[in-house]
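Here the structure comes first, spelled out in structure tokens, and everything after it is commentary.
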Amino acid sequence: MTPGAKPGSGFAWPDTLCEPVRSLPSHSRLWVALSGGLDSVLLLHLAAFCHRSRVPLGAIHVNHQLQPNAGEAEAFCREQCGVLGIPFVARRVIVNTGGNDSGAGGVEEAARKARYAVFEQILEPGDLLLMAHHGDDQAETVLFRLLRGSGVAGLAGMPRSRKLGAGHLARPLLDLARDDIVRWAREAGLSWVEDPSNVDQVYDRNYLRHAILPRLKARWPGLARRVRHSASACADSEFLNGRLAEIQWAGCSDGEGRVLVAGVKALTLSEQRNMLRWWIRKRGFHPPQLSDWRQVMHDLLEAGEDREPELLGEGFSLRRFQGRLYLVPDPVDVARRVATIAPGEKLKWGEWTLGLEPGTNPEQTIPPIRVSTRQGGERLRFSPRESSKSLKNWLQEKAVPPWERARLPLVFAGSEGVGELIAVGDLWCSEQYSGSAPAAGWRLIVERDCD
Ligand SMILES: Nc1ncnc2c1ncn2[C@@H]1O[C@H](COP(=O)(O)OP(=O)(O)OP(=O)(O)O)[C@@H](O)[C@H]1O
């Protein structure tokens, strides 16, 4: 390479490598997730030299601060981007390494979550983040999940692209083999950093990569390709499972995002399981891995009305109340919270979004609009002519489940202590602040995310 030339600039990048970055899903800005390792350095060069359109390109490096060479990797990525003239963003994260506290998948999983959280924060609508997973990574992922007892959704492997935060991620190298990537990177004269944790066989993933996969590949050449075929067959099955659930949803939905127990009971056990897993995903959570769905479904659907069966998942629980199943997100940010909404602003409150929109007269002054959870003793008045009613009794009459009563955002107009209750979650809103011509001049909007 000529001194001072950009690494890779004089290299004739083969079509096999360039094609995947030329046929990416549409985007208005491109990012490369750059760890500094061989795969993502190669991907950075492909994005720089093979991508035809003129969309802005940047790189994101997440420094997990776990390895002694973490600073070195960050500096290397910064330098590579500097030489290529690519804007570079580095973010440092603190990963919980504390034994059991680091979660089910240990440090690796905690680091992964922290990394994806950074990507999500950075991505804006129209952004596409490229990740450098290749065919061997895919084979590894599928085998790893097989060893953990995954179903078809897991065995479908990593998708080529999916939504991530406000943008999307894509994996253009999924059809390439690691050996080819190494060869091309060497031929192009690229340099990269080695992550010492990648060889540590304490981690299950590395054990599979270094101790198991080479032996499987030696015995069954073309293993990665075959695993890819199986993964794609599983992806098809998963797609069909989703279609079936969508069709059956009509008989199971109560129209407000909850599941009718009677509707689910009419399905076979595998359809029931499929429906619940689909519904949990649709609500943005991961279905729990259960060894005995039969027992769980029986408890959820058949337990007597005096019992309160519950299925616990990560970040949520499924509960039954008066013939319906509710997906209840863990109450992280709602309990005993107090907030205010200014005219024109939006407030996120658990699964609710509240806002004040201009109505008939946005010039009109309105009292402070406060939001809080139930403290006890609240009363509501449907119209000035009617006497007030206890909120507790009203919620019982409306058959609002007990756990939801404690989470509902209550909206008050006026200062604390003298304010009047003007809305109870998305269940009721005073006429003064609702309808096409609200007397208050402003309209209160309370929406609940139940898709
Ligand atoms: N520290 C990092 N900063 C930015 N991107 C990273 C980082 N680590 C990994 N990546 C991106 O993720 C790709 C896969 O990395 P790696 O195989 O180490 O992760 P993984 O844990 O197996 O995958 P995943 O992150 O999807 O679980 C890399 O090629 C790179 O694109």
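Cβ coordinates are placed from backbone N, Cα and C, and glycine is handled just like the others.
TrEMBL: automatically predicted annotations, no manual curation.
Residues or ranges marked as ATP binding site in TrEMBL: Ser35, Gly36, Gly37, Leu38, Asp39, Ser40. The Cβ of Leu38 (ATP binding site) has 21 other Cβ atoms within 10 Å, all protein chains considered. The DSSP secondary structure for Leu38 (ATP binding site) is helix.
TrEMBL lists 369-446 with the feature domain 'Lysidine-tRNA(Ile) synthetase C-terminal'.
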**Request:** Under 6 Å from ligand 1 by C-beta, which of these binding-site residues make it: Gly36, Leu38, Ser40? Sequence order, please.
**Result:** Ser40
**Cβ neighbour count (within 10 Å, all chains shown) around Gly37 (ATP binding site)** = 16
**Environment of Ser35, Gly36, Gly37, Leu38, Asp39, Ser40, the listed ATP site - residues of the same chain whose CB lies within 8 A of the CB centroid** = Leu34, Val41, Leu42, Leu43, Ala132, Trp192, Val193, Asp195
**Item:** For the domain 'Lysidine-tRNA(Ile) synthetase C-terminal' (369-446), mean pLDDT (0 to 100)
**Value:** 87
**Request:** Let me know how many other Cβ atoms fall within 10 Å of the Cβ of Ser40 (ATP binding site).
**Result:** 23
